[in-house]
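Sequence annotations record features per position, and here TrEMBL assigns transmembrane segment to 114-134, 141-163, 183-206, 284-308, 314-337. Here TrEMBL flags 141-337 as domain 'Cation-transporting P-type ATPase C-terminal'. Feature annotation from TrEMBL assigns region 'Disordered' to 454-500. Residues or ranges marked as compositional bias 'Polar residues' by TrEMBL: 461-476.
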Amino acid sequence: GGIIMEGPKFRALSIDEMDAVIPRLQVLARSSPEDKKILVGRLKAMGEIVAVTGDGTNDGPALKMSDVGFSMGIAGTEVAKEASAIVLMDDNFSSIVKAILWGRSVNDAVKKFLQFQLTVNVTAVVLTFVTAVVSSEQKPVMSAVQLLWVNLIMDTLAALALATDPPTLDLLDRQPEPRTAPLISFTMWKMIIGQAILQLVITFVLEYAGMDILNYDDVPQSLREGRTEEEFLRVSEAYKGFKRQELNSMVFNTFVFLQIFNEINCRRLDSHLNIFSGIHRNTYFMIIFVIMVLFQAIIIQFGGVAFATEPLNGTQWAICILLGTLSIPVGVIIRLIPDEIFGPLKRWIDHAPAPRGGLPTFDGYPATNEIGRVNSIPASIASNRAGSMVGGNALPGRDGLVWNSAITKVRSELSVFKALRGGRLSSDADGQERHALHAGAMVPSLVATSVGAGWMPRGHSGSQEFGSASPRSSMVGSRAGTGVSVRAGGSVSHPTPGQG
């Protein structure tokens, strides 16, 4: 169950108690702008990503402090618009849902592309390096032009295909990601490493054992007829060289089709098995998929010397496509492997936060009918420290406060209005000579806010009497020069001769 709390009661909590209440806090009634700002500050301190909506000038501090501030374009004030990050032009709260939906869609598009690109990079780099080192001629299995085509698939076409998936309402069903969540999650790393291993195994087996598996070393007997032994040896070497070029073309063709089908596999970032969900709604993906297949067929069949390829027959094409489709069933197997079996490795990669504590008890706080009166006293006035203006036991746990809350409040408000356009303090102040003018301009605001917070300057002499009717009647002011003191009841007493 959630918690409903009033602003004054929330304001009276200590920091530890706030952190325990906030995860279950659903309604904060009778809250002031300062309460909103405190709530936003504590949420950010707890590592949450905070969004705030507001339309008034008083919402400026909370909007500015939040990670994402939403203001109203029609009913909102200029201060609120300047303090916010996003302005809802139609004042419709459903636009926030659309913003979240598209934001998650863009975030997923970036992750899909990264998952696909890292898989291609790992496989291409390892394959090129190993084949170049093992080769007696130090020649990699794929030429530079072939790698350029792979790079075009990886950087341009795949980015367009994976980034154009339209957002679906399923994106709103999942929990928001924490601030510490990595860009590449453990589930993505599992898919990247699994697909890279599959592609390397297939290409290495086809490269180094393909001649024996496909019987390309066996020279047909038809080439022996009518030839001498020496002529047959030359024809046999030429035949094996031709078959080696065909095999290299098959390796390149298989590698490309592994990436094409892995592109379908990368449409999902979670462990759900339906990777074809919504594919018919993405016209760009289907068009780009067909374009890549057509261009790959043209390169293999007609690339010739430019792409270092040899035309393949139907059987060889079937082998390449069949090996390429293995990306999809292997992706299903990888998704069926639960992430929990990796234990600490998953927690280390995902940076899972530690669980927080429970709820505090409220036995030590004033009753409901007194909470508004007592908690309206600023913390520095109602503290139990020595020299406090109000003694007694108004609130527990306030001994550490040594500065007046009104001053702190003004200082924090100045930091907000300094960044707002049209404020008294410009964020790009030009010169040290204007600082005194700026400070002087803010003196009325400082005095007004201090008095509004329940604070007045304390004199060096004079009597002090405190009432208990209200915070206003509990404030004491004195004039050191005249010796006139204002008592709690509102009467004025003049000191007798000899009084300090």
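Using the three backbone atoms N, Cα and C, a Cβ is placed for every residue, glycine included.
Between the transmembrane segment (284-308) and the transmembrane segment (114-134) there are fewer than 3 Cβ pairs closer than 8 Å, counting only residues 6 or more apart in sequence, so the two stretches are not in contact. Same-chain residues lying 6 or more positions outside the transmembrane segment (314-337) and placing a CB less than 8 Å from one of its CB atoms are 190-191, 194-195, 198-199, 202, 206, 246, 250, 253-254, 256-258, 260-262, 264-265, 271-273, 275.
When Cβ-Cβ distances below 8 Å are used as the criterion, the transmembrane segment (141-163) is approached by residues 109-110, 112-113, 116-117, 120-121, 124, 127-128, 131, 203, 207, 248, 251-252, 255-256, 259-260, 263, 266-267, 282, 284-285, 288-289, 291-292, 295, 299, 306-309 of the same chain, each at least six residues removed from its ends. Beyond the transmembrane segment (183-206), the same-chain residues lying 6 or more positions past its ends with a Cβ under 8 Å from any Cβ of the stretch are 110-111, 114-115, 118-119, 122-123, 126-127, 130, 141, 213, 247, 250-251, 254-255, 258, 262, 265-266, 269-271, 323, 326-327, 330-331, 333-335, 337, 339, 342, 345-346, 349-350.
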